[in-house]
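Take a look at the following structure, please.
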Amino acid sequence: MSRQDVTEKIQAFIDTCHRHHLKITPQRVAIYRELLQSDMHPSADVLYRLVKRDYPNISFDTVNRTLLTFVHIGVANVVEIFGGAKRFDANVSDHHHLHCIQCGSITDFHHRYFDSLADPEDVPADFQILDKRIVLKGICNACSKKTSQPHGTPHHDENPKQKGK
Ligand SMILES: [Zn+2]
Ligand SMILES: [Zn+2]
């Protein structure tokens, strides 16, 4: 993300906070900036450690609550991961995720057909669909390289065989 993109997104973030009567604090802006500049869909803990470098007195709880507030006002999303810590995403526009089941990495991808999927017929009529996002689970390139069977079925060995480097 370019410097200008970051500046514009932060300005939009500040405007949204104003609309929601949310006080703009340097800590809030710092948390948003770190989330915006990370493409890793970080957890609250990862963001806490990043923001703590500039704001040593900030607590994990503050970071976590701030992130949930961001989700509430629509400037961030919680990524659909079940089990493990919540992961956050400042990209609230249409996109989809590749989720590596070995290292937990979450990577964005774009697909216009997925963006415009019709509502499935067997979804109950009284279920209000707010968002449709495709999650493709698999093994990322880095993890494939680490295992001895890059094209085989994923193994869950505790000690995957390391190939000589
Ligand atoms: Zn991986
Ligand atoms: Zn994403």
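Placement of Cβ uses the backbone N, Cα and C atoms for every residue, glycine included.
TrEMBL does not curate its annotations; it predicts them automatically.
Quantities reported herein were computed from a predicted structural model and do not represent experimental measurements.
Annotated Zn(2+) binding site per TrEMBL: CYS100, CYS103, CYS140, CYS143, in sequence order. If you look up TrEMBL, you'll see 146-165 marked as region 'Disordered'. Residues or ranges marked as compositional bias 'Basic and acidic residues' by TrEMBL: 154-165.
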Sort CYS143 (Zn(2+) binding site) into helix, strand or coil using the DSSP assignment.
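In three-state terms, CYS143 (Zn(2+) binding site) counts as helix.
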Quick one: of CYS100, CYS103, CYS140, CYS143, which of the binding-site residues has the smallest count of other CB atoms within 10 A?
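Comparing Cβ neighbours within 10 Å for the binding-site residues CYS100, CYS103, CYS140, CYS143, CYS103 has the fewest.
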